[in-house]
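Chemist: Checked Swiss-Prot, it gives:
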ACT_SITE  Asp128  active site
BINDING   Leu75, Cys76, His77, Met113, Glu114  substrate binding site
Amino acid sequence: MSQLTHINAAGEAHMVDVSAKAETVREARAEAFVTMRSETLAMIIDGRHHKGDVFATARIVGIQAAKRTWDLIPLCHPLMLSKVEVNLQAEPEHNRVRIETLCRLTGKTGVEMEALTAASVAALTIYDMCKAVQKDMVIGPVRLLAKSGGKSGDFKVEADD
């Protein structure tokens, strides 16, 4: 079984030393969902929200969140991301918004946390912008879809049925 990399022999949390690692291209994709009433989703799709374009705002906030992950999660390294992508898609058949993020860099540590943070904070932004019309929206699940690069190898979730 793998060991927890952020816990030392004394059981103390610490930031992993990546100075000896080779720089490789690393990429991660994550997703999050925000489920809401059909009327709330229609308001977003039709651009009738009084606060403005919900998707455009969530996209920009998600990008900013990926870039600030190190500031939110203390044991994450500050990274020079080369790409952050945040895509939002309305899924009216499920009364929800799907958020998919992609983060990429050439570096010594992975970008899974950045992709997950981008998806999570974009979802929180949708909630924040729409809470005046619906407070019982549900955020989740949030999950890593895939990662590549680095010593631990590639990961990809199994296709959903």
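Note: Cβ is positioned from N, Cα and C throughout, glycine not excepted.
Keep in mind that this is a model prediction, so the values were computed, not measured.
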Chemist: Could you find out if DSSP has His77 (substrate binding site) as helix, strand or coil?
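Modeler: In the DSSP reduction, His77 (substrate binding site) maps to coil.
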Chemist: In whole Å, how far does the CA atom of Cys76 (substrate binding site) lie from that of Asp128 (active site)?
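Modeler: Spelling it out, the Cα of Cys76 (substrate binding site) and the Cα of Asp128 (active site) are 26 Å apart.
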Chemist: Taking the Cβ of His77 (substrate binding site) as the centre, count every other Cβ atom within 10 Å, in any protein chain shown.
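Modeler: Excluding its own Cβ, the number within 10 Å is 15.
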Chemist: Taking the centroid of the Cβ atoms of Leu75, Cys76, His77, Met113, Glu114 (substrate site), which other same-chain residues have Cβ within 8 Å of it?
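Modeler: For the substrate site the neighbour list reads Thr69, Trp70, Ile73, Leu79, Thr109.
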Chemist: Tell me the Cα distance separating Asp128 (active site) from His77 (substrate binding site), rounded to the nearest angstrom.
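Modeler: That comes out at 28 Å between the alpha carbons.
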Chemist: Hey, what's the Cβ neighbour count for Asp128 (active site) at 10 Å?
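Modeler: For Asp128 (active site), the 10 Å Cβ neighbour count is 15.
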Chemist: Using only the Cα atoms of Leu75, Cys76, His77, Met113, Glu114, which the record gives as binding substrate, return the largest interatomic distance in Å, rounded to a whole number.
Modeler: 12
Chemist: Measure the Cβ-based neighbour count of Cys76 (substrate binding site), defined as the other Cβ atoms within 10 Å of its Cβ.
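Modeler: That number is 20.
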Chemist: Around Glu114 (substrate binding site), how many other C-beta atoms are within 10 angstroms of its C-beta?
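Modeler: Result for Glu114 (substrate binding site): 28 neighbouring Cβ atoms inside 10 Å.
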Chemist: Whole-number Å only: compute the distance from the Cα of the residue listed as 'active site' to the Cα of Met113 (substrate binding site).
Modeler: 22
Chemist: What residues, ordered by sequence, lie under 8 A Cβ-to-Cβ from Met113 (substrate binding site) and sit at least six positions away in the same chain?
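Modeler: Looking at Cβ-Cβ distances below 8 Å from Met113 (substrate binding site), excluding near sequence neighbours, one finds Thr69, Ile73, Cys76.
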